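J.: Pasting a structure below so you can have a look.
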Amino acid sequence: MGFDIPEPFKWDASFEVFYKKLDDEHKAIFDSIFAVCNGNNADNLKKMVDVTANHFSDEEGMMKSANYADFDSHKKKHEDFLVVIRGLSAPVGDDKLHYAKDWLVNHIKGIDFQYKGKL
């Protein structure tokens, strides 16, 4: 998509959106994808989906409270990603893991960064 995927796949300060709750949740999504890469089983996949869905709910709640202008299109991107990851089964193929990593990196830096200072 555009931004480089970090190796090892870990959150770093370049992903900071400056809302502690959201930064902590982004870290947790990174960790959950990393966990699937290293222990490609149904439990880790379920945790990845749950952590991601919970984060999206929290982030969307903050956006809604702030009357964030791009809420609808942002929410749609979340929904589309959830459809993909909820459709996965373990073991997850390398192509799908790459997709999840790429999506997260580019979503945070390309989309989430647009709400910095607006929530």
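Keep in mind that glycine also has a Cβ here, set from the backbone N, Cα and C atoms.
The Fe cation 1 binding site annotation in Swiss-Prot covers His26, His55, Glu59, Asp112. If you look up Swiss-Prot, you'll see Glu59, His74, His78, His107, Asp112 marked as Fe cation 2 binding site.
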J.: Nearest to His107 (Fe cation 2 binding site) by Cα distance: which of the binding-site residues His26, His55, Glu59 is it?
T.: His26
J.: Long-range same-chain neighbours of His26 (Fe cation 1 binding site), Cβ under 8 Å, sequence gap at least 6?
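T.: Same-chain residues close to His26 (Fe cation 1 binding site) (Cβ under 8 Å, separated by 6 or more) are Trp11, Phe15, Val17, His55, Leu104, Ile108, Asp112.
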J.: Given the binding-site residues Glu59, Asp112, which one is most crowded in terms of C-beta atoms within 10 angstroms?
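T.: Top count of Cβ atoms within 10 Å goes to Glu59.
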J.: List the residues in the vicinity of the Fe cation 2 site, defined as same-chain residues other than Glu59, His74, His78, His107, Asp112 with C-beta within 8 angstroms of the site's C-beta centre.
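T.: Everything else in range on the chain: Phe56, Glu60, Lys75, Lys77, Ile108, Ile111.
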J.: What are the other residues, in sequence order, whose C-beta lies within 8 angstroms of the center of the C-beta atoms of His26, His55, Glu59, Asp112 at the Fe cation 1 site?
T.: Val17, Leu22, Glu25, Ile29, Phe56, Asp58, Ile108
J.: To see if you understand the setup: which same-chain residues, six or more apart in sequence, place their Cβ under 8 Å from that of His78 (Fe cation 2 binding site)?
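T.: Correct list: Phe56, Glu59, Glu60.
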J.: Inside 10 Å of the Cβ of His74 (Fe cation 2 binding site), count up the other Cβ atoms and send me the figure.
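T.: Summing over all protein chains shown, His74 (Fe cation 2 binding site) has 20 other Cβ atoms within 10 Å.
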